[in-house]
Amino acid sequence: PRQVSVMAEDLRAAVASQTKRLNSSGEVVERLEENGHQNKRLKSDAGEEDAEDQNKRSPKRKIVLLMAYSGKGYHGMQRNVGSSQFKTIEDDLVSALVQSGCIPENHGEDMKKMSFQRCARTDKGVSAAGQIVSLKVRLIDDILEKINSHLPSHIRILGLKRVTGGFNSKNKCDARTYSYMLPTFAFAHKDHDVQEEVYRLDKETLEKVNKLLACYKGTHNFHNFTSQKGPRDPSAKRYIMEMYCGEPFVRENIEFAVIKVKGQSFMMHQIRKMIGLVIAIVKGYAAESILERSWGEEKVDVPKAPGLGLVLERVHFEKYNRRFGNDGLHEPLEWTEEEEKIAVFKEQYIYPTIINTEREEKSMANWLNTLSIHDFNSSAVEVQANNKNAKNSSDLEGSDGCGDDSD
């Protein structure tokens, strides 16, 4: 018996060492793929793959999909598995991937199985014109047409590119550009301008708006522009590359303007609060000095503009493109050929939704009425008490962007 147990022990040790070797060589394959070399991945789990999988001759490949969607009626981008009452964009996307035959059904239930990663987790109601997701799929024929045929018309896959095996759309993204479309009466001065839709933005006011938006450029401590971050939390420091408001334009008798902001990453509600504070200053509710104050350690009451006008415009992969974009195996993650499709989608689905919802629900007009309640000069203690009351009634949402805390 002792001899049998020794043999069994030896066999266990041999199996363990073989498994370890397989795992470590699997990591080597992953690293080689990351460096842009094509490799055959070790199929250590081949036995687990179901028969349906074996029958499909299309190999699984790591790709990115360029997505556009109108976020109205959705609770953001990210899927909440097991929570069917809050519908998300990813619920519809995963369902379309399964129905088109790109992924097996069990990958839809456990998204890790297809190495799924979104670039930005957009908020409830927020739209996107250039969202990117990375995942492993079977490269079936006419893949984009097939996926789109199972999606509602307000969600479209506009492009697809092959990427390195270790690519992760969130970690490899080095900047994000958002736009925020708002009716210009948001900038009408509370004391001496008409507050309705007949308001038209003059040159001086637009210059003032842009002067204030430019103050955000550079690295600042944005702890006052999000919840759950203290002034000494290093992750509250964020780098903003550019922020400006474009020329106004009229749609359905309402004048609108679009603010663009490009930053490395954004925290929960950060963009909406950055815009909210500038509106409060331009309308005459807060002094300009509040901007400088808000980056200090003191707690400042910063109002949060409505989510309706926010759109994820594009995500940037500059470092990845420099490293792999011209290696002969991979394309740079740039979408010049898709620009026209993006513009058409925005005109068809994103802008009309923002305009019509603004007309029907008056989200900006109603929010502007709450600015007078904010105390822009109060002490930290008072603000914390106010925030506590506000928090109890506020809706919980995801993040405006996709920093370290948005996923």
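Note that Cβ sites are derived from N, Cα and C of the backbone, with glycine treated the same way.
The shown structure was predicted, so the numbers you read here are calculated from the model rather than taken from an experiment.
The compositional bias 'Polar residues' annotation in TrEMBL covers 16-26 (among others).
Taken from TrEMBL, the feature region 'Disordered' covers 16-58 (among others).
Per TrEMBL, the feature compositional bias 'Basic and acidic residues' maps to 28-46.
What TrEMBL records for Asp123 is active site, nucleophile.
The substrate binding site annotation in TrEMBL covers Tyr178.
Taken from TrEMBL, the feature domain 'Pseudouridine synthase I TruA alpha/beta' covers 216-318.
Annotation source TrEMBL lists compositional bias 'Polar residues' at 387-396 (among others).
Here TrEMBL flags 387-407 (among others) as region 'Disordered'.
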Rounded Cα separation (Å) that holds between Asp123 (active site, nucleophile) and Tyr178 (substrate binding site): 12
Helix-strand-coil residue split for the domain 'Pseudouridine synthase I TruA alpha/beta' (216-318), DSSP-based: 25 helix, 33 strand, 45 coil
Cβ-Cβ neighbours of Asp123 (active site, nucleophile) (radius 10 Å): 25
